[in-house]
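**Q** Below is one structure. I have some questions about it.
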Amino acid sequence: MQEKLKEIFEWFHRNPELSYAEYRTTERIRQLLTDAGIEILPYTLETGLAAVIRGEKKGPVQALRCDIDALPVTEETGLPYASETPGRMHACGHDFHITAGLGTAFLLRERKRELAGTVKILFQPGEESSLGALKMLETDVMKDVERIWGLHADPTNAAGVIGLREGAVAAAVDRFVITIKGVGCHGAHPDDGVDPIPAACAVVQALQTIVTRNVNAFHPSLISVTRIEAGKTWNVIPPEAWLEGTVRTMDRADRELFQKKTALIAEKTAEAYGAQAEAKWIPGPPAVINDAKMAEFAADTARRLGFTVVPEEQSLGGDDFSFYEEKIPGCYIKIGTGKGQLIHQPGFAVEESVLEPAAKYLAAVLMGAYIS
Ligand code: NI
């Protein structure tokens, strides 16, 4: 199967498409599944699709999530099958996820007789937008699913090393925008107005105290102000300033604390400077939390098949996989793809030797995953 998977992987790598524009990607997946005699569920998704393998033995309904979108990055790997589109690249390994998902589907199809239960393979669009999972959830594909598995390429580990742990592995990803209103005036007469810029600067500094003074020091979290904007020229004090940034947390109570404190610090600090602030909170996906039993089962399966298992690294990055986990238990497995440049970088590459082992491993997890 390795040769077949290599060919599949290289096609997807050559043809990356951005979030919600995965049209050719979806068509290719559909074709490969159809050729293998695998049933595709009849959902009307613009991009992405869900396949199903119905085992002949009784068992649970499980899902495997494979995201399919690429990033606006220009590839610099020099690979013979590099992206054919400048400014677009599978720099997060989702081409590997598609290939591993297809390989898993082929294997499960062959073993339908031994398969206990049903497996749905979700080829999900728009993961990089943080909201693609919601597109899948708008259909009723998850209605009867009892547990969900996810995978991610991991360039910090050698090819085939499996990273697993129970509990939080990726963060809740929230965004905030703060508008600070002052009163514009002549740059030489600040006393005639209310300068929003010193207020904005004070808010930026004070926000960091949420991490250092309010959150339990053993809880990973961060707040970053990533955009600050005010003014048009050198001799006019502007009437408004804007701050924008992101908050990452792994604990639900911390997430609520950040939301409250961000608004409070913005409003009260601005008030002390005579200005007015308004904080808008734009929630993204919650933290990715691995179910303890599923993580243990996946680690045992990996060891049984001869894979090396290491503790999965926690990240304050996010994955919309967590939207599925709001309703059912899930487990997000990291699969080493060869040490090299990190994901989202132009030199990120997946070692092709991992393709078949990854598919075999995921198929084994889904075949034996009856966890009571
Ligand atoms: Ni990714």
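Glycine is treated like the rest: Cβ placed from N, Cα and C.
Residues or ranges marked as Mn(2+) binding site by TrEMBL: CYS92, HIS94, GLU128, HIS152, HIS344. Feature annotation from TrEMBL assigns domain 'Peptidase M20 dimerisation' to 176-272.
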**Q** Within 10 Å of each Cβ, count the other Cβ atoms, then let me know which of the binding-site residues GLU128, HIS152 comes out lowest.
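**A** Per-residue Cβ counts within 10 Å for the binding-site residues GLU128, HIS152 bottom out at GLU128.
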**Q** Among CYS92, GLU128, HIS344, which binding-site residues lie by ligand 1, judged by Cβ under 6 Å to any atom?
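**A** What lies within reach of ligand 1, judged by Cβ under 6 Å, is CYS92.
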**Q** So around the Mn(2+) site, CYS92, HIS94, GLU128, HIS152, HIS344 aside, which residues have their CB within 8 A of the centroid of those CB atoms?
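**A** Output for this site, in sequence order: ASP67, ASP69, LEU71, HIS90, ALA91, GLY93, GLU127, ALA153, ILE343.
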**Q** Can you tell which of the binding-site residues (HIS94, HIS344) has the fewest other C-beta atoms within 10 angstroms of its C-beta?
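**A** Counting other Cβ atoms within 10 Å of each of the binding-site residues HIS94, HIS344, the minimum falls on HIS344.
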**Q** For the domain 'Peptidase M20 dimerisation' (176-272), give the DSSP counts of helix residues, strand residues and coil residues.
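**A** In the domain 'Peptidase M20 dimerisation' (176-272), the DSSP-based counts are 42 helix, 32 strand, 23 coil.
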**Q** When you measure from the Cβ of CYS92 (Mn(2+) binding site), how many other Cβ atoms are you left with inside 10 Å?
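**A** There are 24 such Cβ atoms around CYS92 (Mn(2+) binding site).
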